[in-house]
Amino acid sequence: MNRERWTIVSLAYGIGLLSTGIFGFPNPNPSWQQWAMVIVGLSLFTFFTFLFLKRRWRRCPQGKFWLIICIFAILGSVYFQFRIPQPNYDDISLFFKDKYPPQLVNISGKVLSEPRLTSNQRKRFWLQAKSVQINQDILNKKDVTGKIYVTIPIDQDNDLEPGQRITINGVLYKPRSPQNPGAFDFSNYLAKEGAFVGLKGNEIKFKGQLPIFGWTKVRNRITNTFIKGLGEEKGSLLSSIVLGRQAVDLSPDIRDSFMRAGLSHVLAASGFQVALLLGLILWLTKIFSPNKQLIFGSIILLLYTGITGLEPSIFRATLMGVFVLIGMKFEQKTDTLRSLLLAGFLLLLYNPLWIWSLSFQLSFIATFSLIVLSPAIEKKLDWLPINIASIIAVPVAVTIGTSPLIMYFFYTLSFYTIICNIITTPLIMLISLGGMINAIVALISPLLGSYLAQIFYYPLDLLLNIVHFFANLSLSILVVGKISLIVLIIIYVLLGLVWLNQYWRSRWPLVGLLIISLITFPLIFQNLTLVKVTILTAKPDPIVVIQNRGKIAIINLGDQQTIKYTLVPFLSQQGINNIPLAIAFNEENIKDWLNINAIPTVDKFLSPSGTPKKNTQSMLIGENIRIGSTQIKLLANEPLILWWQIENQSWLWINSQDTNGKIPQKYLDNSPKILLGSQKSIPMSWLRQIQVKAVILNTPFIPNKLKRQLQRNKIKMYPIQQEGAIEWTPKKGFQTRLVNQELTL
């Protein structure tokens with residue numbers, strides 16, 4: 001089989017894997033309708049591809065070959081489904097029972113990963129379960145299998161390493177689906193990793209012997225050497241640049257700054273580091289024969305892959321590096337594009353689930369963009385010295401290729417990513433190469449390695465200053481909102497046309513303008529027309545986001561965890577960059593907002609209680625506040641009662657657990673209202689006092705007595721902790737989000 005046919009086979013396999021997106025990953029049991037869509041879709045795609053190529057390619061294979069290709073693509077989707085993790089008959093998740101209060105369990109098993117710090121200051125790791133014992137009952141001990149996501153108090157992490165056997169005490173829980181739009185899907189994340197239950201650990205009861213050898217020991221030897229020589233901050237940063245984010249716990253401030261500056265890839269070992277390492281290997285072994293270079297280079301690249309944590313992006317870069325060495329041995333020039341395709345094909349044969357791994361997708365697209373776009377950009381910059389043109393072309397090419405995917409998943413775009421990458425590339429190359437050499441020295445002599453690491457103090461300090469400078473600039477991050485899958489596909493089709501077709505290539509500025517329009521026009525249209533009220537479920541009180549033709553108001557910010565993992569993801573998904581008004585029930589929540597340096601900016605903070613401060617103004621009872629056409633008014637402080645009106649619909653929020661208080665009648669009119677309560681129930685006296693058309697309560701269920709009363713009065717009811725976020729629009733009314741609830745064993 002010639003190269004062209006191998007290329008078609010590889011592409012067919014990849015397309016077959018991508019077609020499983022119709023099923024929704026992970027979905028181990030697709031419906032027959034979904035299978036029909038995949039089979040028919042792949043058949044039609046193959047048929048029309050054959051017709052298209054037959055007219056334009058003289059050596060186009062005959063129909064029989066394309067029939068085989070179609071079958072191969074379908075088999076690829078079948079193979080993908082076969083590899084989706086599913087619980088065994090004795091999986092620990094199947095022993096889960098819904099009981100309250102939750103029962104303590106002792107779980108014995110083998111540690112699969114290094115403990116890493118979570119945002120709530122606990123350590124997390126993966127555990128392969130072997131047995132479970134409930135409530136210290138020796139007779140109630142069962143052998144089990146399955147993978148568990150474990151978190152433990154930070155003081156319990158005493159040098160745990162992969163391969164070590166432990167017994168841990170804690171509470172099992174079922175992962176829950178997100179209750180709010182844009183929130184992290186924890187259940188989906190665990191299912192992709194082959195885990196179906198989590199453990200909130202309290203104490204490690206038993207620790208087995210540490211493994212004699214492991215990649216963790218190698219990583220720790222290097223990172224400890226760096227930290228000893230440079231201190232915690234810069235030592236951890238150097239470790240992350242050289243070995244990837246799995247090697248060390250970086251501070252949230254550094255991670256956030258690199259993300260805002262568009263340099264997140266620097267903190268993850270990637271093809272960039274592998275390319276530098278390969279260049280270093282070739283330079284050090286240039287006196288050897290190509291055969292020895294192949295052996296020595298392959299060993300070093302494989303060792304680096306193991307040390308960095310066996311990431312898909314590193315695997316891909318390592319395979320391509322080995323292909324380069326093989327080409328040198330046989331004195332043949334390596335076709336980088338076919339090498340990329342072959343590396344992707346081999347990796348997806350090994351693990352087809354990586355097709356939906358974001359790190360794999362970004363690595364593949366970044367490398368593809370580098371191969372295809374970088375030479376064309378350098379050609380346009382031929383008036384510059386070749387080294388400078390290359391430094392500019394690389395980040396521009398990668399940004400063009402990866403930005404659509406980043407916007408699709410994260411709803412954001414780093415505005416200064418290109419200029420920041422251009423400025424820092426020489427510095428990052430110096431730090432990466434020097435850090436790799438320093439890592440080798442650290443493995444031989446940690447003492448000498450720690451002294452050598454001090455050389456990088458000022459380069460790292462300069463890098464941090466540059467990153468912080470760009471991260472703190474206004475518009476460092478632009479929120480673009482949720483991009484539809486169709487728009488994403490159209491963008492990449494347009495980029496493909498620029499690459500393959502001379503007509504489109506000569507009109508690349510027009511294509512660029514069209515892509516920008518596809519991204520910005522929906523956001524502009526939304527800001528001009530959208531009228532919506534969203535109630536996000538949170539504890540102890542829900543959050544209200546009012547969107548009125550581009551004018552945004554938030555009622556109740558929530559604590560720091562709620563802001564970070566509930567409110568900000570929703571605002572990002574909605575494409576909100578500025579908030580004219582935010583009302584905080586607790587003034588500490590304003591500090592929480594400012595501390596996390598949230599992407600949307602807030603023009604004015606208001607608080608119903610407390611004295612005016614630097615960042616806060618007090619709300620006066622009866623004062624009418626206008627945000628666009630939305631009116632907001634504080635009716636009372638005890639209990640806290642807020643009224644607002646949008647599109648002639650009045651809302652009333654009673655934020656109190658006291659159901660005996662009365663609503664100030666002088667502020668109420670006779671218009672039908674939507675009542676939002678922080679309490680679990682409401683007295684009928686309130687319903688008699690005001691005209692209510694819907695009741696929203698911050699509770700997982702509504703008491704039967706109240707439910708009957710509401711049904712008798714034809715009042716809609718929404719327990720938001722059960723139904724998740726609720727959206728209201730003038731035309732469609734209420735729309736709810738039904739979610740699975742977290743259960744405890």
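Each Cβ is built from the backbone N, Cα and C atoms, and glycine gets one as well.
Where the annotation comes from TrEMBL, it is an automatic prediction and has not been curated.
If you look up TrEMBL, you'll see 32-205 marked as domain 'DUF4131'.
According to TrEMBL, the feature domain 'ComEC/Rec2-related protein' maps to 243-500.
Summarising the annotation, TrEMBL assigns transmembrane segment to 7-26 (among others).
What TrEMBL records for 32-53 (among others) is transmembrane segment.
Outside the transmembrane segment (65-82), and at least 6 residues removed from its termini, the chain residues within Cβ reach (under 8 Å) are 5, 8-9, 12-17, 19-20, 23, 28, 30, 38-39, 42-43, 46-47, 49-50, 352-353, 355. Among the features that TrEMBL reports, transmembrane segment is placed at 65-82 (among others).
Under the heading transmembrane segment, TrEMBL lists 262-284 (among others).
When Cβ-Cβ distances below 8 Å are used as the criterion, the transmembrane segment (291-307) is approached by residues 215, 218-219, 222, 243, 273-274, 277-278, 281-282, 285, 314-315, 318, 321-322, 325-326, 328-329 of the same chain, each at least six residues removed from its ends. Marked as transmembrane segment by TrEMBL: 291-307 (among others).
Under the heading transmembrane segment, TrEMBL lists 360-377 (among others).
For 384-402 (among others), the entry in TrEMBL reads transmembrane segment. Distant neighbours of the transmembrane segment (384-402): 262, 362, 365-366, 368-370, 372-375, 377-378, 417-418, 421-422, 425-426, 495; these residues of the same chain sit at least 6 beyond its ends, with a Cβ under 8 Å from one of its Cβ atoms.
Among the features that TrEMBL reports, transmembrane segment is placed at 408-430 (among others).
According to TrEMBL, the feature transmembrane segment maps to 437-457 (among others).
The transmembrane segment annotation in TrEMBL covers 477-500 (among others).
Sequence annotations record features per position, and here TrEMBL assigns transmembrane segment to 507-525 (among others).
Contact counts against the transmembrane segment (408-430), taken as Cβ pairs under 8 Å, peak for 477-500 among the stretches 32-53, 360-377, 477-500.
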